[in-house]
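Novice: Would you mind keeping the following structure in view while I ask a few things?
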Amino acid sequence: MSVEIGFYGIAALLVLLALRVPVALSMIVVSLVGITVMFGWSTAIGMLSSTPYEFIAKWTLSAVPMFLLMGFVCFHTGLTSGLFNAAKVVFRWLPGGVAISSIFASSGFAAVSGSSVACAAAMGRIAIPEMVKGGYKPSFACGTIAAGGTIGALIPPSILMIVYGVFAQVSITQVFLGGISIGLLTAISYSIVILVVSWLRPDIVPRKATDARNISAKQALIEIWPVMALGLLVFGGLFSGFFTATEAGAVGAAGAILIGLILRRLDRKAMKAALLETLSTTSALLIIGVGASMFTLFLSLSGLAGYITGAVTGWEPSYLQLMLVVVLIYLFLGLFMEPFGAMLVTLPVLLPVFELYDVSLIWFGVLLVKLLEIGMITPPVGMNIFVIKGVAGQYASLVDIFKGVTTFLIADIVVVALVIFFPEIVLFLTGS
C-alpha cells in the first residue's frame, strides 16, 4: 500500500507542476499529505518539522550564497565587462569571430558567476548589439548568446553542481573538475556550429571579421586582470586542496568586494543590488531544497525508491538503454521545469539506480547539469530565451530567438552523446 501511495504522490506532484504551482510548495504539500496518509498527522509533523533545519544547516550549502555574491558583485561593478573584448583579440580573425568571442567570453563569465541566466543577461547586453551591427542575423545573434549562457552552469563555480554535490553526497571539487571538461567541450562545439553556419550561410554569419572596437592585446589584458586574479585565487586554492569549496566561495566573495573597492567601482548602490540579488536567489534555492528533502523522506518511507530499483534490476536494461531513458526524462522535464526543480524531484529516485549500476556519481552529476541546461534553451519555458528577449527584444521576436538557438541544440545532443560513450571526457581531470 505504501508503494502505491508513493506512486500517487509522484502523480500528484506532476499534476501540481502542470498547474504551475511552485516546485517547492508542490513537493512540501505532496510530502506532508503522503506521510499523513501513511502514518497520521502527528507523526508526519514530527518527521517533517526537523527537515528544513537539517537541510539548511548543512555547512557545504554556505558556498551557494558566497559564490552568488562573488558573481553579482563582479556583474554590478563591471569587472567582467572586458571579457568580450579580450576574447575578440583572440578570435576576431575567424569567420564568425565575434560570435565565437561571445561564447568564450561566456565561459570566462561562468568562472565568476555560476549561473546561466546571469551569464546570458550580461553577455546579451554587450555582444548582441555589436553582432547585429557586424552583419549577423539578429535571431542567430540572440540564439548564440542564449546558448552560450548555458555554459554559466557548467564551468565552476556552478550553483547546480554545488546543490547536486550536497544531495548526492559527492565531492563538489571533483564535480567542478568534471564541469571544466564539459564546459570547454560545449564552448568548442558551439564554435564549430558558428564556423559551419558561416561557411554555409554567410548571410546569417558573416565570414569577414568585423570589430566595432579594435583593441590591442595589452589593453584587453588590462581590462580582464581583475577577473583573472579572482579566478586564480579561488580556483587555484580550490583545486590545489588549499581551500574547500565552501571556503573558496567565501574567499571569492571577499576577493570580488576587495577588488571592486580598490578599483573604486563598488559603491553603495552596487553593493546593495548584489546583496539583494544574492539573498533573493539563495532563498529561492533553499526553499526548493527543503521541499526536495521532504519529498526524499516521503519516497523513502513509502518504499518507492527501493521498488523502482528492484524493478530496474528485474528489467535488466543495458547501460545504453538506461542512459537513453535518463536523457529522455530530463529533456522532457526541461520543457516545463526549471533546472533546480527537475534535478531535486528526480534525484531521490535515480541515485539508487545509478549506485546499483556502479555508475560514477561525479560523472552523472556533470551529465545531469548539461541535460538540465539544455532545458534552458528549449521551448516553451527556456529561461535563457526569455532573458535574451528581455535584454535585446528589439532585435528579434521570441519565436525567432528559439529558431536561432536550434543549431546549438544539435551541438548539445552531440556533446551529451560523447559524454555518455566516452565518460573519460568528464573524469580524466578528476582522476576517477
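Placed from the backbone N, Cα and C atoms, the Cβ positions cover glycine too.
Grabbed the feature section from TrEMBL, which reads as follows:
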type	residues	note
TRANSMEM	6-39	transmembrane segment
DOMAIN	11-425	domain 'TRAP C4-dicarboxylate transport system permease DctM subunit'
TRANSMEM	59-79	transmembrane segment
TRANSMEM	99-128	transmembrane segment
TRANSMEM	140-164	transmembrane segment
TRANSMEM	176-200	transmembrane segment
TRANSMEM	220-239	transmembrane segment
TRANSMEM	245-263	transmembrane segment
TRANSMEM	284-307	transmembrane segment
TRANSMEM	319-337	transmembrane segment
TRANSMEM	349-369	transmembrane segment
TRANSMEM	381-402	transmembrane segment
TRANSMEM	409-429	transmembrane segment
Novice: Taking contact to mean three or more C-beta pairs under 8 angstroms, with sequence separation of 6 or more, is the transmembrane segment (140-164) in contact with the transmembrane segment (6-39)?
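Specialist: Touching, no - the transmembrane segment (140-164) and the transmembrane segment (6-39) miss the threshold of 3 or more Cβ pairs under 8 Å.
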Novice: Are there at least 3 C-beta pairs under 8 angstroms linking the transmembrane segment (284-307) and the transmembrane segment (99-128), leaving out pairs fewer than 6 apart in sequence?
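Specialist: Output no: the transmembrane segment (99-128) is apart from the transmembrane segment (284-307).
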Novice: Quick one: find which recorded stretch in 176-200, 220-239, 319-337, 349-369 has the most Cβ pairs under 8 Å with the transmembrane segment (381-402).
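Specialist: Answer is 319-337, with the largest number of Cβ pairs below 8 Å.
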Novice: Does the transmembrane segment (245-263) reach the transmembrane segment (220-239), going by 3 or more CB pairs under 8 Å (6 or more apart in sequence)?
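Specialist: Yes, since the transmembrane segment (245-263) and the transmembrane segment (220-239) share at least 3 Cβ pairs closer than 8 Å, they count as touching.
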Novice: State the non-local partners of the transmembrane segment (220-239) in its own chain: residues 6+ outside its ends, Cβ under 8 Å from one of its Cβ atoms.
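Specialist: Contacts of the transmembrane segment (220-239) (Cβ under 8 Å, skipping residues fewer than 6 from its ends): 70, 74, 79-83, 85-86, 88-89, 108, 111-112, 156-157, 173, 176-177, 245, 247-248, 251-252, 255-256, 259, 263.
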Novice: Can the transmembrane segment (319-337) be said to touch the transmembrane segment (284-307) if we require at least 3 CB pairs below 8 Å and skip pairs under 6 apart in sequence?
Specialist: no
Novice: What average pLDDT does the predicted model assign to the domain 'TRAP C4-dicarboxylate transport system permease DctM subunit' (11-425)?
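Specialist: Summing pLDDT over the domain 'TRAP C4-dicarboxylate transport system permease DctM subunit' (11-425) and dividing by its length gives 86.
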Novice: Which residues of the same chain, at least 6 past either end of the transmembrane segment (6-39), have a Cβ under 8 Å from a Cβ in it?
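Specialist: For the transmembrane segment (6-39), the sequence-distant neighbours (Cβ-Cβ under 8 Å, at least 6 residues beyond its ends) are 47-48, 287-288, 290-292, 294-295, 297-299, 301-304, 307, 336-338, 340-341, 344-345.
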Novice: Cβ pairs under 8 Å only, please: of the recorded stretches 59-79, 176-200, 284-307, which one is richest in them relative to the transmembrane segment (349-369)?
Specialist: 176-200
